[in-house]
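Under the heading NAD(+) binding site, Swiss-Prot lists GLY220, SER221, ALA222, ASN223, THR224, GLY225, citing sequence analysis as support. According to Swiss-Prot, the active site annotation covers GLU243, CYS277, on the basis of sequence analysis.
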Amino acid sequence: MTLWINGDWITGQGASRVKRNPVSGEVLWQGNDADAAQVEQACRAARAAFPRWARLSLAERQVVVERFAGLLERNKGELTAIIARETGKPRWEAATEVTAMINKIAISIKAYHVRTGEQRSEMPDGAASLRHCPHGVLAVFGPYNFPGHLPNGHIVPALLAGNTIIFKPSELTPWSGEAVMRLWQQAGLPPGVLNLVQGGRETGQALSALEDLDGLLFTGSANTGYQLHRQLSGQPEKILALEMGGNNPLIIDEVADIDAAVHLTIQSAFVTAGQRCTCARRLLLKSGAQGDAFLARLVAVSQRLTPGNWDDEPQPFIGGLISEQAAQQVVTAWQQLEAMGGRTLLAPRLLQSETSLLTPGIIEMTGVAGVPDEEVFGPLLRVWRYDSFEEAILMANNTRFGLSCGLVSPEREKFDQLLLEARAGIVNWNKPLTGAASTAPFGGIGASGNHRPSAWYAADYCAWPMASLESDSLTLPATLNPGLDFSDEVVR
């Protein structure tokens with residue numbers, strides 16, 4: 001029984017599904033997808049639960065959410081192992097994900113008050129008030145790269161605001177999704193407030209097609225995000241928040257400490273085996289001897305990165321990709337770039353057949369025409385050389401995406417110029433592209449999102465504002481507008 005609908009664990013009536021560890025092949029989870037009727041059932045449960053949940057005070061909802069945070073803390077080791085085994089991440093990285101989930105609770109509570117709390121301004125004849133109201137029933141689509149943390153970033157603020165939810169995890173991480181839902185159950189969520197439907201494309205299409213849905217919150221690929229946007233077109237009454245991918249540039253200008261810059265680049269391009277939406281995909285490197293030395297050192301250090309299983313000791317920097325198919329797609333992308341004229345500096349290698357263990361790849365594309373503006377979701381870094389900083393900014397902006405961008409340089413003036421001209425939602429200076437603060441908004445422009453950033457701003461798309469003019473009594477104004485006559489004289 002792997003679906004959680006209206007407080008009950010039930011068996012899916014759709015296609016059967018098996019999840020294996022992407023490195024060892026061990027069977028981790030087996031179950032069935034939700035069919036269209038069960039998706040409808042989950043929606044009815046969420047709709048029925050909404051009025052009572054929304055009418056609870058914020059303090060009452062907060063008690064449940066904070067109880068969930070305590071359960072995350074007490075079950076940190078077990079959840080870390082589940083996420084690591086299912087995604088292929090090393091144990092250390094899965095542990096940081098669970099920590100981020102825990103920290104998200106307090107941050108979301110604070111964001112609720114700052115972004116969507118109540119405000120009141122006194123006026124001579126009353127008051128002006130601002131309140132925020134929940135949308136109703138929201139669908140949350142989760143990604144596989146952070147199957148706990150990223151859905152959590154939608155679910156927690158949505159629940160705090162008073163919404164009820166239907167959650168569909170990625171079909172590649174059903175076990176992590178189920179494990180987190182069981183903790184929410186232990187936290188005491190009333191039946192129907194949060195519902196879990198497992199499944200792939202068919203389940204997702206049934207969920208996004210629900211008429212009685214008030215909104216959809218999505219983190220995932222640009223292709224799927226565009227499909228959802230088209231599916232919900234003509235329905236402005238539904239809130240749609242899309243956080244998609246990026247073809248993110250990292251500009252390496254002047255470098256004082258080459259090893260520090262190489263470390264930052266590896267953290268930007270290859271952490272999580274390149275499976276973060278903010279990962280550097282394009283390295284823009286200044287021409288010259290210093291750039292040559294940096295590139296040689298980057299290749300030398302990257303060659304030493306050996307991916308391993310989630311529980312290997314000593315712990316590896318990177319694990320496997322989410323699947324052997326995903327790893328093969330990266331290799332295919334590299335082969336296509338090489339065929340276009342790219343110069344391979346470090347070839348990505350699948351270490352074993354029937355696993356997703358893939359070493360990083362680096363390929364120089366300077367002077368190659370027609371390079372696709374696509375996100376390769378894995379450890380493959382493309383390199384371009386530039387002569388002037390103005391050229392670097394033009395190259396950085398030469399993408400339909402706009403998620404993250406970074407600069408390595410000692411010059412504040414160049415960062416200030418980048419801040420003015422960059423088209424990206426995250427612009428970092430001497431920090432990895434993959435670094436983002438939960439106390440700031442997270443999202444991009446262009447093909448990276450639809451101007452509804454998550455993290456600190458998630459509260460914004462989880463509630464709508466209600467403005468009020470209020471007075472506890474009604475009296476006739478001392479001064480009336482022209483043409484109004486309230487005298488006692490009878491008009492004949």
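Counting begins at 1 with the first residue displayed.
Just so you know, glycine gets a Cβ as well, placed from its N, Cα and C.
Counting only same-chain residues six or more apart in sequence, the Cβ atoms lying under 8 angstroms from the Cβ of GLU243 (active site) belong to PHE218, THR219, GLY220, CYS277, PHE442, GLY443, GLY444, SER448, GLY449, PRO453, SER454. Annotation: CYS277 carries the greatest number of neighbouring Cβ atoms among the recorded positions ALA222, CYS277 [cut-off 10 Å, Cβ to Cβ]. What surrounds the NAD(+) site, by Cβ distance within 8 Å of the Cβ centroid and not counting GLY220, SER221, ALA222, ASN223, THR224, GLY225, is the set PHE218, TYR226, GLN227, LEU228, MET244, GLY245 from the same chain. Annotation note: GLU243 (active site) sits in a strand segment as assigned by DSSP. Mapped onto three states, the DSSP output places GLY225 (NAD(+) binding site) in helix. Look at CYS277 (active site): DSSP puts it in coil. The sparsest Cβ neighbourhood within 10 Å, among the listed binding-site residues (SER221, ASN223, THR224), is found at ASN223. Long-range neighbours of GLY225 (NAD(+) binding site) (same chain, six or more residues apart, CB within less than 8 Å of its CB): PHE218, LEU242, MET244, GLY449, ASN450.
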